[in-house]
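Structure, as structure tokens:
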Amino acid sequence: MNYTLETADRALGAFPALLGAAFAHDSLFAAHMWVLFFTLVVSTLLLLRRVSFLPPVAGPPCRRTEYFDEVVKYGVMATVFWGVVGFLVGVVVALQLAFPDLNIAPYFNFGRMRPLHTSAVIFAFGGNALIATSFYVVQRTCRARLFGGNLGWFVFWGYNLFIIMAATGYLLGITQGREYAEPEWYVDLWLTIVWVAYLATFLGTILTRKEPHISVANWFYLSFIVTIAMLHIVNNLAVPVSFLGVKSYSAFSGVQAALTQWWYGHNAVGFFLTAGFLGMMYYFIPKQVNRPVYSYRLSIIHFWALIFMYIWAGPHHLHYTALPDWAQTLGMVFSIMLWMPSWGGMINGLMTLSGAWDKIRTDPIVRMMVMAVAFYGMATFEGPMMSIKAVNSLSHYTDWTIGHVHSGALGWNGMITFGAIYYLTPKLWGRDRLYSLQLVNWHFWLATLGIVVYAAVMWVAGIQQALMWREYDSQGFLVYSFAESVAALFPYYVMRALGGLMFLSGALIMAYNVTMTILGHQREEGASKGAAPSLQPAE
């Protein structure tokens with residue numbers, strides 16, 4: 001591969017970015033176009049180092065039957081990088097809440113850093129993990145090379161360009177004000193193009209498969225890709241004020257805008273953070289423990305029940321609002337129904353270890369994956385419980401919800417991703433094993449303790465917060481002002497930052513471990529604690 005076409009594409013793309021910066025109708029659009037221009041110029045210069053202008057050397061025809069793993073390698077590295085960045089920004093945001101003087105206006109205040117954190121963790125860390133693992137899994141389970149040639153490269157680089165544009169936009173103050181859908185219209189259009197290419201690559205690989213059976217992991221990955229495309233397009237329907245400006249107006253307003261937003265927001269959780277990562281679970285846990293999926297029939301029931309029910313659950317985010325009561329109740333009912341298929345999937349994941357339970361003790365990667373499934377079960381019980389109106393009246397708008405989200409995002413999505421990265425890295429780079437399994441063990445305990453501290457503190461803080469808000473005296477006046485309720489949360493916010501710092505420390509250990517594995521180093525280690533002793537001849 002001589003990278004000539006890829007280099008030309010980036011060089012040509014820099015030209016319209018330069019024109020956009022020159023003729024922009026507002027300073028924010030001009031600044032964003034300069035960011036795009038310099039990003040494309042730097043990537044062009046980096047690729048120029050690998051371009052070969054020599055004619056191809058005659059030789060035997062190149063075989064294109066091997067798996068296309070180079071893009072998966074880059075996906076793994078991007079996942080690790082964005083994970084560390086996202087967790088670091090999360091710790092900064094947590095400290096800003098505890099110590100407001102750390103807010104640096106205008107670019108690094110809480111209002112701009114918070115969406116940077118959520119997008120970095122969900123879309124940069126989680127999205128790159130999903131793209132990398134889906135490209136790896138679909139090739140192995142279909143026994144076919146990734147479809148589309150260099151289309152896989154376009155998906156990877158195009159998606160990461162979206163991440164850069166979205167992140168810099170947040171710091172500049174460019175936002176639609178829609179949670180998890182903050183990027184403005186032109187960034188949304190770019191993501192749509194990339195996502196269609198992603199769908200074509202993944203679906204094309206399935207259609208050209210040499211394996212007659214389609215793995216259940218691919219069903220979950222495909223549902224995530226298709227549904228996210230639908231959600232993204234509908235929720236981001238907007239009319240730009242100018243094609244050379246950042247501002248746009250949504251196609252929806254009022255309660256319709258709220259319902260569309262949380263139809264998107266909840267199903268981003270349901271399909272981006274659940275269905276896609278279940279694809280990981282159904283492939284990597286059986287591979288790591290060397291056992292088949294416990295019940296393939298249960299996995300199919302899990303899939304179709306999840307697909308049918310999740311899409312209806314969004315209105316539970318809008319209890320006690322202007323949304324019609326029947327819609328709120330509908331969202332609550334489907335949320336409660338979701339508990340059954342979710343726990344069916346959890347049981348299926350855990351029972352896959354049947355006959356290999358000892359690996360929880362001896363293999364820290366398996367331990368990490370099992371902990372992920374346990375957090376999946378906990379989060380999918382807590383979510384339906386919080387959707388019940390009586391419970392929601394206490395939990396809504398409080399830090400309890402923040403604790404719930406992080407127990408799922410860090411415990412489920414984070415842990416299963418870490419396990420997948422530890423599985424993939426030695427295989428992709430042809431190493432015998434990871435640099436250090438003891439470091440994996442350290443990562444596991446730091447991450448687990450960090451999540452437990454974070455979630456438990458937020459549960460307590462949220463309940464205290466809610467009870468202070470609804471405390472009335474005998475005359476019907478509020479006992480506590482809002483400022484008093486905020487001041488009471490200070491020790492909890494410090495503890496939350498500590499939990500986040502522990503989780504970040506684990507991610508830094510992972511980054512070091514993965515880097516050393518890629519470089520080909522191996523740390524000399526004795527048997528890990530808890531490992532079964534080797535058999536000795538009878539005396």
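Positions of Cβ are set from backbone N, Cα and C atoms, glycine also.
Quick look at what Swiss-Prot lists:
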| type | residues | note |
| --- | --- | --- |
| TRANSMEM | 28-48 | transmembrane segment |
| TRANSMEM | 75-95 | transmembrane segment |
| BINDING | His117, His406 | heme b 1; low-spin binding site |
| TRANSMEM | 118-138 | transmembrane segment |
| TRANSMEM | 154-174 | transmembrane segment |
| TRANSMEM | 187-207 | transmembrane segment |
| TRANSMEM | 214-234 | transmembrane segment |
| TRANSMEM | 265-285 | transmembrane segment |
| BINDING | His266, His316, His317 | Cu cation binding site |
| TRANSMEM | 298-318 | transmembrane segment |
| TRANSMEM | 330-350 | transmembrane segment |
| TRANSMEM | 368-388 | transmembrane segment |
| TRANSMEM | 402-422 | transmembrane segment |
| BINDING | His404 | heme b 2; high-spin binding site |
| TRANSMEM | 443-463 | transmembrane segment |
Residues flanking the Cu cation site, with Cβ no more than 8 Å from the Cβ centroid of His266, His316, His317 and excluding those residues themselves: Trp262, Gly265, Ala313, Gly314, Pro315, Leu318, Gly331, Ser335, Ser387
Minimum Cα separation from His406 (heme b 1; low-spin binding site), reported as the residue among binding-site residues His266, His316, His317 that achieves it: His266
Cα distance (Å, whole number) from His404 (heme b 2; high-spin binding site) to His316 (Cu cation binding site): 15
Between His266 (Cu cation binding site) and His404 (heme b 2; high-spin binding site): CA-CA distance (Å): 13
Segment-segment contact (the transmembrane segment (75-95); the transmembrane segment (28-48)) at 3 or more Cβ pairs under 8 Å: no
Distant-in-sequence Cβ neighbours of His266 (Cu cation binding site), under 8 Å, six or more positions away: Tyr310, Ala313, Gly314, His316, His317
Tertiary contacts of the transmembrane segment (187-207), as residues 6+ beyond its ends and Cβ separation under 8 Å: 131, 134-135, 138-139, 142, 144-148, 151-152, 154-155, 158-159, 161-162, 165-166, 169, 181, 214, 218, 221-222, 225-226, 228-229, 232-233, 236, 238
Leading stretch by Cβ pairs under 8 Å, where the reference is the transmembrane segment (298-318) and the options are 28-48, 118-138, 154-174, 265-285: 265-285
Greatest C-beta neighbour count within 10 angstroms, which of the binding-site residues His117, His316, His317, His404, His406: His316
Residues of the parent chain within Cβ reach of the transmembrane segment (118-138), under 8 Å, 6 or more residues beyond its termini: 68-69, 71-72, 74-76, 78-79, 82-83, 85-87, 89-90, 146, 152, 155-156, 159-160, 162-163, 166-167, 170, 179-180, 182, 198, 201-202, 205-206, 215, 217-218, 221, 224-225, 268, 272-273, 276-277, 279-280, 283-284, 409, 413, 417, 420-421, 424, 428
His117 (heme b 1; low-spin binding site) - helix vs strand vs coil (DSSP): helix
Local backbone state of His316 (Cu cation binding site), from DSSP in three classes: helix
